[in-house]
Amino acid sequence: MKQTVWNHLKLCPQGDPAQTIDDAAIAVENGRIVWLGAVRELPAQYAAWPREDLGGAWVTPGLVDCHTHLVYGGQRADEFAQRLAGVSYEEIAKQGGGIVSTVRATRAADEASLFAQSAARLEAMLAEGVTAIEIKSGYGLDLQSERKMLRVARQLGERYPVKVYTTFLGAHALPPEFASRADDYIDEVCEGMLPALADEGLVDAVDVFCERIGFSLEQSERVFNAAARHGLPVKMHAEQLSNAGGTALAARYGALSADHLEFLDEAGVAAMKEAGTVAVLLPGAYYFIRETQLPPVELLRRYGVPIAISTDSNPGTSPATSLPLMMNMATTLFRMTVPEVLRGVTCHAAQALGKADTHGTLAVGRAADFAVWSVQSLAELAYWIGRPLCERVVRGGETVHLRHAR
């Protein structure tokens, strides 16, 4: 039985800078919080427990990265350079680039190689305070390769101190072998891939890219119905490049989240509010593709729709691994406030995964998953650009990352 009191810390237990405790303590037993509050109020029963003094550092819940494509083969830096030189995305795609190049690299990689590439990205996220993450498939686009991606995601969760939730995104793009046969491919997604992967226990949720360059409303609904048959929650890449009406469909199916949302309208916002669907904003992708259409943050505020922030870590449109950087981008590009972005990477991000009861806040009975920050103010988490701020990451009461480890 391991018992520890983490003391002399500034505590932000709910991801809300308005609700903090100065000179706080957290009592942890067997990986779970049994008490938290001001040091001066520490109950006598914990007084003799071993102490870890954090020297007045800020402590927040472990960060939650709720939308990533972390597992993939290769990278697309050369295409990035081509775009900067004036080559269009369409021209790159005709040359065999774009998402097809990532599909090709992912299909070619064996599990060990895919694991090694993805582990490096996960290690970078852990070092910046992440204790829970969602990882999507969607760069395999056939049963064997989608299975491989999801198996690697599961292995990452088993071998690293980060909780991994998997999402099947077979309906991400049309693979070359199904060119001009989108309906046939959706048949394969719904009747071939999803049943097999769900039966193997590799899928926690199902996603679809509903967009003019992705899949139609009717095709997206077929994927959602297939997910329902397997008892799996759904989410959607929606309204990123146009207002295709995907958000209303996602809300009708009680989606955990709708993500991107640059072209979301008020009707879609109202539908999300009624359904309890979280808005996941992805400032890295907005920045990287030089989008100019801002997501309707003010409408989301007005309707009280929870807003999460995520890296969208992927090789094509957001090669990012830093949630604090996304916090900065969300404040500067999307005009969000510090409290909004802090909630966006903690409690609201957990809600976007359907895991608000286990992640994103610190409370008695919860796992002791938290990040320790070398800052004077929580605003610094969104203020500094490229500066390492996370001193320590604790998962289940154990230190799993220490920036100045000796």
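Heads up, the Cβ atoms here are built off N, Cα and C, so glycines get one too.
When HIS8, HIS230, HIS237 are compared with the Fe(3+) site residues HIS67, HIS69, ASP312 in Swiss-Prot, the one appearing in that site is HIS237.
The 4-imidazolone-5-propanoate site in Swiss-Prot is built from ARG76, HIS172, GLN240, THR317 plus one of TYR139, TYR383, namely TYR139. A Cα-Cα distance of 9 Å separates TYR139 (4-imidazolone-5-propanoate binding site) from HIS69 (Zn(2+) binding site). The Cβ of ARG76 (4-imidazolone-5-propanoate binding site) lies under 8 Å from the Cβ of GLY97, SER101, THR102, PRO315, GLY316, PRO319, each of these being in the same chain and 6 or more residues away along the sequence. Only ASN314, from the binding-site residues HIS172, GLN240, ASN314, place their Cα within 10 Å of the Cα belonging to HIS69 (Zn(2+) binding site). Under the three-state DSSP scheme, HIS237 (Zn(2+) binding site) falls in the strand class. Binding-site extent for 4-imidazolone-5-propanoate: residues ARG76, TYR139, HIS172, GLN240, THR317, maximum pairwise Cα distance 21 Å (rounded to the nearest whole number).
Cα proximity to HIS237 (Zn(2+) binding site) (within 10 Å) is found for the following binding-site residues from HIS172, ASN314, THR317: HIS172. Rounded to the nearest whole angstrom, the C-alpha distance between HIS67 (Zn(2+) binding site) and GLN240 (4-imidazolone-5-propanoate binding site) is 14.
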